[in-house]
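K.L.:
Pulled from TrEMBL, these are the listed features:
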type	residues	note
DOMAIN	5-264	domain 'G-protein coupled receptors family 1 profile'
TRANSMEM	23-45	transmembrane segment
TRANSMEM	65-86	transmembrane segment
TRANSMEM	106-129	transmembrane segment
TRANSMEM	149-172	transmembrane segment
Amino acid sequence: MGTIGNILNIVTFLSQDYRTKACILYLIFSSSINICFANLYLIIYLVAQYSGVNIIQTNRPMCKIFGYISVCSAAITATCLFLSTLDRCFSTSRTVRYRQLSNWSLAQRLLIITVLFLLISSIFSLIVYDLYNGMCTSAPGLGSIAVIVYANIFITLIPHGGMLICGIITWINMRQMTNRINPDSGASNATSAVQKMNRQLLILIFIEALVDIILEVQRNITATYNLITNSIEKSIERQQIEHFVIQLSIILYTVKQGMSFYIYCFCSDIFRKNCRKSLKSLMNRLYCFNRHD
């Protein structure tokens with residue numbers, strides 16, 4: 001369901017109504033990363049079911065690569081969502097100089113620089129992830145601390161803190177913009193339609209950001225708690241409770257990678273309309289292509 005949702009995100013965002021917005025570049029890239037990561041999980045699961053061997057838990061190089069991809073992809077998707085909220089913040093600014101920053105050229109440069117930085121900064125995970133007691137996990141002690149600190153800074157604090165700040169500033173900008181609009185000015189239907197689409201785009205981005213913040217924070221709280229209490233002797237009952245909470249946290253964290261499409265559909269009638277239109281157009285093209293063959 002997550003892969004299908006992310007594919008539909010890309011198909012919809014490539015429609016004519018959306019693809020001119022700079023923030024869409026970040027959302028498309030984020031959906032692409034989610035597709036790759038979800039399919040990686042699926043391949044590992046199918047290989048384990050077919051061969052009876054979990055290559056992540058038995059193969060040291062694969063463990064390290066998987067640890068690197070997990071850390072890096074989480075940082076990239078969170079940062080892409082932050083950059084999309086930053087773009088909306090720029091686009092609603094009263095200052096022309098800031099509004100000009102909302103453009104595809106800058107978005108492409110920012111995305112390339114950000115991805116390169118996160119790819120390089122995540123390299124440490126190739127060192128700290130390894131097989132311990134038959135499990136692929138970060139090294140006890142400094143290794144686990146390094147992963148937790150990196151996750152709290154580059155997956156939680158910076159991107160989600162940025163989302164909150166951009167959300168507040170954008171809300172203020174929208175209020176000021178609404179107050180400046182004269183209801184008797186007789187705005188054209190085309191202008192009203194563009195304003196409605198921009199408003200719904202803002203809403204769906206910031207609702208996704210809010211959901212992402214909640215799920216990311218709960219995951220980091222459980223991971224940090226597990227690290228701090230790892231050396232404490234615990235009763236069997238406490239271990240079972242903590243194991244259940246950690247597994248639930250992981251499930252919720254994994255689900256968030258594929259829920260953006262369903263959030264968009266729930267929040268925006270324009271997104272639903274564009275999704276149907278894009279799918280219809282795609283089906284017509286495939287039909288015409290098959291007829292020519």
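Just so you know, glycine gets a Cβ as well, placed from its N, Cα and C.
Note: TrEMBL annotation is automatic and uncurated.
Just tell me what is around each of these and how deep it sits.
P.N.:
Within the same chain, residues 23-24, 26-27, 29-30, 33-34, 36-37, 40, 44, 56, 107, 110-111, 114-115, 118-119, 121-123, 125-126, 128-129, 136, 138, 147, 150-151, 154-156, 158-160, 162-163, 166-167, 170, 205-206, 208-209, 212, 216, 257 sit at least 6 positions outside the transmembrane segment (65-86) and bring their C-beta atoms closer than 8 Å to a C-beta of that stretch.
With a threshold of 8 Å between CB atoms, the same-chain residues lying at least 6 positions outside the transmembrane segment (106-129) that come near it are 22-23, 25-26, 29, 63-68, 70-72, 75-76, 79-80, 83, 87, 136-139, 142-144, 146-147, 150, 154.
Only residues 6 or more beyond the boundaries of the transmembrane segment (149-172), in the same chain, are considered here, and those with a CB under 8 A from a CB of the stretch are 71, 74-75, 78-79, 81-82, 85-86, 88-89, 92, 118, 121-122, 124-125, 202, 206, 209-210, 212-213, 216-217, 220, 223-224.
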